[in-house]
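**Q** Below is one structure. I have some questions about it.
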Amino acid sequence: QAAPQGGAALSRLGLPHPALPPKDLPPAPPMPPAMWEVRSPSFWRAVFAEFFATMIYVFFGLGASLRWGVGPLNVLQVALAFGLAAATLVQVLGHVSGAHVNPAVTFAFLVGAQLSLLRAAFYMVAQVLGGVAGAAVLYGLTPAAIRGNLALNTVTWRELGGATTVEIFLTLQFVLCFFATYDERHNGRVGSVALAIGFSLALGHLFGMYYTGAGMNPARSFAPAAITRNFSNHWVYWVGPILGATLAGLLYDFVLCPRMRGLAERLAILKGEQVAEGQETRHHWDSLGRDPGVPSWCHPARGTSPGAKH
């Protein structure tokens, strides 16, 4: 297309045409890796999924833990409620966010360099807020005579160190189950991933209810504490699960089933420069519609689901 007369005159003088971009401009600086993740719609879907899943988990779990009649609380009922809630959410939202529904689980995956630091931070904030939202809805729906302390976790031991140790062991076995069932290298896995995680959580409740109320999830413990404003010995339900999850992540990833990753690769994953499942760049992941915060067995591109048998 011919340039306008004014542009032609500028061209004869050796000046650039005002309507054409200069040829010698330096290339735009590359976008930080974290920005690619934040700008992805699947990232925000995953963050919302963690918020929504934790809200549902806390709502049903705490609701089943309230006393509606006389007599002691049915521990089996509570264990089944939390276990079935976790299994359902893994089945429904595992392909969206991984359905961690637990800051301790997310922290363990961060320790194992299986998701970026940015994603872990957003997940944990979403989980805590989702838990508070679920507890608030339950509080508003339940009669005052029934809701009591809203199934607040309390330490029944005088020795807080012993209670913390129990929380460490409860969370350790649960997160080990999470790591094993989410491991994409488990080609010979048999059974349902969702049910395995649900059973592991129920196991923790069957034992831990008598000792600490079975926290295993800081978001679950924080929610009723925030609504009732009772934070007595609340630190136990953060320190114990986080330590247990960290031990589980280190034990699985470096001892039981080590991943052959160098320090540079792990740092790249933590910074969001590389996805945990392979060597794809963020651009390649975006083109495939894959989400690096989701275990590879439940990526739609692989045609599998959390409930599928392997």
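Cβ coordinates come from backbone N, Cα and C, glycine included.
When I checked TrEMBL for this same protein, it listed these features:
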- 43-63: transmembrane segment (TRANSMEM)
- 75-93: transmembrane segment (TRANSMEM)
- 99-117: transmembrane segment (TRANSMEM)
- 122-141: transmembrane segment (TRANSMEM)
- 161-181: transmembrane segment (TRANSMEM)
- 193-212: transmembrane segment (TRANSMEM)
- 235-256: transmembrane segment (TRANSMEM)
- 280-289: compositional bias 'Basic and acidic residues' (COMPBIAS)
- 280-310: region 'Disordered' (REGION)
**Q** Would you mind listing the long-range same-chain contacts of the transmembrane segment (161-181), meaning Cβ under 8 Å and 6+ residues beyond its ends?
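**A** Tertiary neighbours of the transmembrane segment (161-181) are 104-105, 108, 112, 155, 189, 193, 196-197, 200-201, 203-204, 207-208, 211-212, 214-216, 233, 236-237, 239-241, 243-245, 247-249, 251-253, 256-257.
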**Q** Of the stretches 75-93, 99-117, 122-141, 193-212, 235-256, which racks up the most C-beta pairs under 8 Å with the transmembrane segment (43-63)?
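**A** Ranked by Cβ pairs under 8 Å, first place goes to 122-141.
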**Q** The transmembrane segment (99-117): which same-chain residues, six or more beyond its ends, come within Cβ distance under 8 Å?
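**A** For the transmembrane segment (99-117), the nonlocal Cβ contacts are 34, 37, 49-50, 53-54, 57, 86, 89-90, 92-93, 123-124, 127-128, 171, 174-175, 178-179, 216-220, 241-242, 244-246, 248-250, 252-253, 259, 261, 265-267, 269-272, 276, 292-293, 306.
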**Q** Counting only residues 6 or more past its boundaries, what in the same chain has a CB within less than 8 Å of a CB in the transmembrane segment (75-93)?
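**A** Same-chain contacts beyond the ends: 49, 52-53, 56-57, 60-61, 63-65, 99, 101, 192-195, 197-203, 205-206, 209-210, 214, 305-307.
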